[in-house]
Amino acid sequence: MIETYSQTAPRSVAPGPPVSMKIFMYLLTVFLITQMIGSALFAVYLHRRLDKIEDERNLYEDFVFMKTLQKCNKGEGALSLLNCEEIKSRFEAFLKEIMLNKETKKEKNVAMQKGDQDPRVAAHVISEASSSTASVLQWAPKGYYTISSNLVTLENGKQLAVKRQGLYYIYAQVTFCSNREASSQAPFIASLCLHSPSGSERVLLRAANARSSSKPCGQQSIHLGGVFELHPGASVFVNVTDPSQVSHGTGFTSFGLLKL
């Protein structure tokens, strides 16, 4: 008895792509990338070259125009009088445009230089005796000093008003008799105040000095000073608790400002 055994054949494995195909795809990819880079570089070169050719063409046209104008002036060539007049008028219009642009640029530069040169603004006033019992000090119109009178003014003899925004150094010196009879024993207080364009008022600086019982009158001074930003229409003034104690001699009490 003969027994036969059937053996199953192994599954066939699909062969992968050959090595030559991989090399071909790699070279094709490199070629395409190189071609794209080369095309981009060529486009840039062509654009620059066209710009250069355009500039050269414009220069050539200008050269031809100048040669034609020279021939018109010398009466050379076969150009008619009408053509020469047209060329001359074009040239004159071109010169006028250049001169106009030059003058405009010059005026702009001068205006910018004038704008950069900020005018100096300063004022200094001295006190004036007043019979008024108001706490705001009065300042004498004589002895009123200012560098730019149109940008700072003394209003009502009390306030220094500015017309230009900026940083200002504001100062005040108030001299008072410390042992003169007063209604109270409270310290003498001097305040530097701001009156804003909106109408509100606030204290910028304040200083106090105690009274003295010594005789004769003991002169004491209070000094105030600081840098503040002022807006157009703003004004500053000096306020004291007892104006009857203030000394109004030469150089005793003064007030001023300086734009920085």
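We count from 1, first residue shown onward.
Glycine too: its Cβ is placed from the backbone N, Cα and C atoms.
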Mind checking which of C84, C217 has the disulfide with C177 in Swiss-Prot?
C217
Cα distance, N239 (N-linked glycosylation site) to C217 (disulfide bond), nearest Å?
22
Could you state the CA-to-CA distance between N239 (N-linked glycosylation site) and C177 (disulfide bond) to the nearest Å?
16
Among the disulfide-bonded residues listed here (C177, C217), identify the one with the smallest other-Cβ count within 10 Å.
C217
When DSSP is mapped onto helix/strand/coil, what comes out for C217 (disulfide bond)?
coil
